Amino acid sequence: MKSLTHLSSYRALSTHFSIIKDLHMRVLFKEDENRGFRYFLQSGDLKLDYSKNRISDETLKLLFDLANECSLKNKIKAMFEGQKINNTENRAVLHTALRNKTNRSVKIDDMDIMPNVREVLAKMQKFSDSLRTGSWLGYTNQIITDVVNIGIGGSDLGALMVCKALKNYAHPRLHMHFVSNVDGTQLQDVLERVHPASTLFIVASKTFSTQETLTNAFTARKWFLKHALDEKHIAKHFVAVSTNKEAVKDFGIEPENMFEFWNWVGGRYSLWSAIGLAIMIYLGKENFSSLLEGAYLMDEHFYNEPFEKNMPVIMALIGIWYINFFDAGSHIIAPYDSVLRYFPKFIQQLDMESNGKQIRKNGKKVDYDTGPIIWGDTGINAQHAFFQLLHQGTHLSPIDLIASLNKKGNLPDHHEILLSNVFAQAEAFMRGKTLEEVQEEMAKKGLKEDQIQKLAPHRVFSGNRPSNILLLDEIHPRSIGSLVALYEHKIFVQGVIWDINSFDQWGVELGKELAKTILSELKGGKTQEHDSSTNHLIQIYKNFNSN
């Protein structure tokens, strides 16, 4: 494949950009009164309004041409068919198989993986049922009231985000806790709130060798044994999500309480697998099934719909437009419901670990920008924090505004206030406010001319700031499944366009390797040859703790 910037469709986009780059969205809406209806898509429980973007019909046509020149349709097919598209690790990428709701087989090297997928899912269902019904008892015959998931990265964030988002569907007796940081404080805070006789620990580590996870797991094990006294009781209070049976058994966990997943499931794409055990325990097997169903529906939409009606494809291509032509270095996720407060952080990992790459699949360095910085917060909080920069700052940062349509609980007025802010912010980003409009407004309020001249420039909004609005019918397991799968596929499409491998994460490894050496030095070993800064920092630590 040619470098992106040498493709004829990319060059056509460059020419088009020089024509359209300063065109204001006000003009686009004025020229097309149906723009808001035409630039609108629905798939299942999700609705996407992408009309408030700096695009025209010609822009979209050229972006679709780019997707075709990059053989996107064939690349989508290759992923779903189990081809080894993770070329640096020679692995298939089949998180989609985990939510396959059909009877069709999914093969890797001519072997159908669906029987194994269904077997692990059934095992998860049986175990979660035993906890939820109270038939699984702790070492003192108490029922389990607290579940602590110990993991990091993909073994933590996905399950954490879903459990927080869907807490209204949780079992009333169960309390779910997540521990990822190795600082000790997070684990200590959890252990102070739970009782050993009624707590279950899930240790989530594919290799059962992740330093941070095992440090926390062994600390939890030590805390538990301080009360339970006998190692045989570990079997009732610790389970593992892993592939390393021997290490799991050595820890004291019974092999039948180990839940398997596979190397064709990337960590950040793994909440649909046994890594989602915490989700199933907390929400129940029916709601977990609805989560999978929502993702499956988005998979079907992504695979079958033409690009012109394909939600992940359109979101991805619009993102390419901003990153590679407008030089937008970041993208913002702003959910307007507090239960989705972990969603920006989850997408941050999903996107930045997938597409934070500078080497093409052929081993050559890119000569264009790739993955953006992803950041965000819940919408109303964000309005009173960083929206100032979005409205009047010097950076162009596209934003996804996410909200649900369903009036919740006994406070419908709150929800209407919330949605009014969503729609108003998107309109304000698009329209802005001109100097003339500001001056006229100030004059109507009776301000003097000298005050108007002095203050008016500070109240001008340039507008033309892009946004997508994503509306969920309601926050439900199915809609959350679709929402996550939407972003998974968007990220995949962008990786295809940039010709990078979205499914490895070598950038995680270097710091971990260096940390092993430095850890031995901090513990008193001989300091190796580092740079002067690192040597100095190690010595500062040793001196501080020498007394």
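Using N, Cα and C of the backbone, Cβ positions are placed for all residues, glycine too.
Swiss-Prot lists Glu353 with the feature active site, proton donor, giving sequence analysis as the kind of evidence. Residues within less than 8 Å, Cβ to Cβ, of Glu353 (active site, proton donor) and separated from it by at least 6 positions along the same chain comprise Gly153, Arg268, Gln505, Gly507, Val508.
Under the heading active site, Swiss-Prot lists His384 (among others), citing sequence analysis as support. Within 10 Å of the C-beta of His384 (active site) there are 9 other C-beta atoms, taking all protein chains into account.
When secondary structure is read from DSSP and collapsed to three states, Lys512 (active site) falls in the helix class. Look at Swiss-Prot and you will find Lys512 (among others) tagged as active site, backed by sequence analysis.
His384 (active site) falls outside any helix or strand according to DSSP and counts as coil. Across the structure, His384 (active site) and Lys512 (active site) are spaced 37 Å apart at their Cα atoms. A sphere of 10 angstroms centred on the C-beta of Lys512 (active site) encloses 11 other C-beta atoms.
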